[in-house]
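Q: Structure incoming, see below.
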Amino acid sequence: MAVEEEGLRVFQSVRIKIGEAKNLPSYPGPNKMRDCYCTVNLDQEEVFRTKIVEKSLCPFYGEDFYCEIPRSFRHLSFYIFDRDVFRRDSIIGKVAIQKEDLQRYHNRDTWFQLQHVDADSEVQGKVHLELRLSEVITDTGVVCHKLAARIFECQGLPIVNGQCDPYATVTLAGPFRSEAKKTKVKKKTNNPQFDEVFYFEVTRPCSYSKKSHFDFEEEDVDKLEIRVDLWNASNLKFGDEFLGELRLPLKILRHSSSYEAWYFLQPRDNGNKSLKPDDLGSLRLNVVYTEDHVFSSEYYSPLRDLLLKSADVEPVSASAAHILGEVCRDKQEAAIPLVRLLLHYGRVVPFISAIASAEVKRTQDPNTIFRGNSLTSKCIDETMKLAGMHYLHVTLKPTIEEICQSHKSCEIDPVKLKDGENLENNMESLRQYVDRIFTVITKSGVSCPTVMCDIFFSLREAAAKRFQDDLDVRYTAVSSFIFLRFFAPAILSPNLFQLTPHHTDPQTSRTLTLISKTIQTLGSLSKSKSASFKESYMATFYEFFNEQKYADAVKNFLDLISSSGRRDPKSIEQPILLKEGFMIKRAQGRKRFGMKNFKKRWFRLTNHEFTYQKSKGDQPLCNIPIENILAVERLEEESFRMKNMFQVIQPERALYIQANNCVGAKDWIDILTKVSQCNQKRLTVFHPSAYLNGHWLCCRASSDTAAGCTPCTGGLPANIQLDIDGDRETERIYSLFNLYMGKLEKMQEACGSKSVYDGPEQEEYSTFVIDDPQETYKTLKQVIAGVGTLEQEHAQYRRDKFKKTRYGSQEHPIGDKSFQNYIRQQSEISTHSI
């Protein structure tokens, strides 16, 4: 979800690898071990939770999490919890990274010290405040100065223990005085509208003739401050919970009698400081935060056109897409946006065919074909991840889930056998699992996505043409991807491919490792299978699979997925599971009488229908055909005073649903919108609030069938599997070219050197693949020009934004450190330009 600014869309995303924690404090009991899990939070809103690692003070998680961030935030936080069976789980410590510091740790494994969590430091949200100083003349002619403190509203307050009933206290404080006043409590909202004014006497009454206008005593004002404290009204015996505070010295009114602004709430500086950070242990994280500023499509035309015609450039090494792979530090960072862009415009197959053909021509040994981390390999990997994810799930998920649930021991290493385990039984269990997975893979050829089959066909043809004497190379060229880089890694680490929600337990992980090794070897069609294993027990186990039928099954499968015109495209469409999970829904009112209460239900979405049931696997309580979904929109919080709500609008009624967090709400809205995008009766207007007590809360219309009062949000692409924004991907490619501009210029020099000198290459130029210096130089010149034009547009946008933005506005409250840094940078740029 993009944040719209003037002529620009801003996307935020984060990819996190949660590694492990170490040296956590021991439990104060005889056992000393803990059962710990880690949560990822945007400020204080939990958006992800790892599995629980039991009985460890150094838990290993090994989990990845990616999300698009649908709102502004100040901190990306990680909390380590200790599970408690009888009481609420206790927090051991946290890591909080400010948004402006995320680039400092970009894509680097970093150990962070866990910090102590104090209720007074857990603060988020902002407050809108106005201060006004005025003179009041009493009936006796005496003048005194009074301060009016108006608190308008707050936004984004934390939800404490599932609820937020906030109120504010406003205090005028000094060395010898403290006068406090309190707002009303606002029930069930973390965006309270107070709009209350409090008056305070600031100076001692004095003669109007003696003092000039606003000439109050300087020493008094310097020592006075207004303090605003936000609290959550709680029924607990421990008292109300602190939500944040704001302290403002009255001297800010020296130059103006009124001052109005938004402020970020701050923590109280009285947290528990007794514990050293070392006492709580540390957490290893790898965080990649990306912020894309995307212009309208016409800005990207020159660079995009250059990239899209890459497959037609002769030689392909002189194309813009290939050059991107040459200058990037890591081929994968080039492949990700490149493949997404080319898939979006239907150009990925010709480009991969071209670079694969060029790589095959440079390969001398058929046994090493496509084994390196080249641009070809990375692009095919990325294409399989994007286009083949559903295929992977349909093929492997049922068997992987059964392996995880059955928890059978399959250890075949005699050294690692536990007491009471039988080697023959374990070997038989493992053989059955391998047989089942091998069978579902080799019978899945008809389901392999067309784009993958077209790529495999081009690989097969290029390899067979290059190595005509090797009859097996047409198979190994394809198996090196479909088995070695697609199925085997998914079996080994199912959580990375969304086949399981979390990293598997050690015993299951060992079983999957043994299965993955065997499947990889079966798929490789190597001549001496047993010799390919280092471990003797694996060679012994593999004797089960030395029959010719396994090699024949692999070849038949590879033939099917790499042959042209392999199947009828009009195959029977089976329901595709798109998303499932627990959410809370409000009764739809299908019965004339009955309570319209909220209940937790298991929701399931396929490309045919949207259903919910009491629990996973139960019979559906409600089925909504996709063609009956007329719109999917957010529901304003005021409707039920609940966050993260959205509505699925049907012909007769709307289904109101609350997601677990803001990321979950965005994901459900996006996928529901995509799957229903082509419905002919989709609405153009909707009601952003609920129909309650005989009227719509948004427009006050009394008829429950009244037409909507707000335009529906813009539609998303109808392609369920590949929701790709071509402009965003081009912007990412521009950012990479801009980042590696030095290498682009170095490559230009290398082209010039090759054109005039045919001797040994200089060492600094030898890393570049340049087959045609003149064509490559020509493309480089166009790339650098296109990147330069986009950089000028970004610079102009930053200058214009700098002129228009006010510090203290709702978008940039006072206390926004990232905006302060931005102001400082823009001031330096402006000074430098002058």
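Cβ coordinates come from backbone N, Cα and C, glycine included.
So TrEMBL lists the following for this protein:
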DOMAIN    1-112  domain 'C2'
DOMAIN    123-263  domain 'C2'
DOMAIN    330-524  domain 'Ras-GAP'
DOMAIN    576-677  domain 'PH'
Q: Based on Cβ pairs under 8 Å, which of the stretches 123-263, 330-524, 576-677 lies most in contact with the domain 'C2' (1-112)?
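A: The listed stretch sharing the most Cβ pairs with the domain 'C2' (1-112) is 576-677.
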Q: Within the domain 'PH' (576-677), count helix residues (DSSP H, G, I), strand residues (E, B) and coil residues, in that order.
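A: Counting residues per DSSP class in the domain 'PH' (576-677), I get 20 helix, 42 strand, 40 coil.
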Q: So what's the average pLDDT for the domain 'C2' (123-263)?
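A: Its mean pLDDT is 80.
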Q: Quick one: DSSP breakdown of the domain 'C2' (123-263) into helix, strand and coil?
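A: Per-class counts: 10 helix, 77 strand, 54 coil.
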Q: In the domain 'C2' (1-112), how many residues does DSSP put in helix, strand and coil?
A: 7 helix, 61 strand, 44 coil
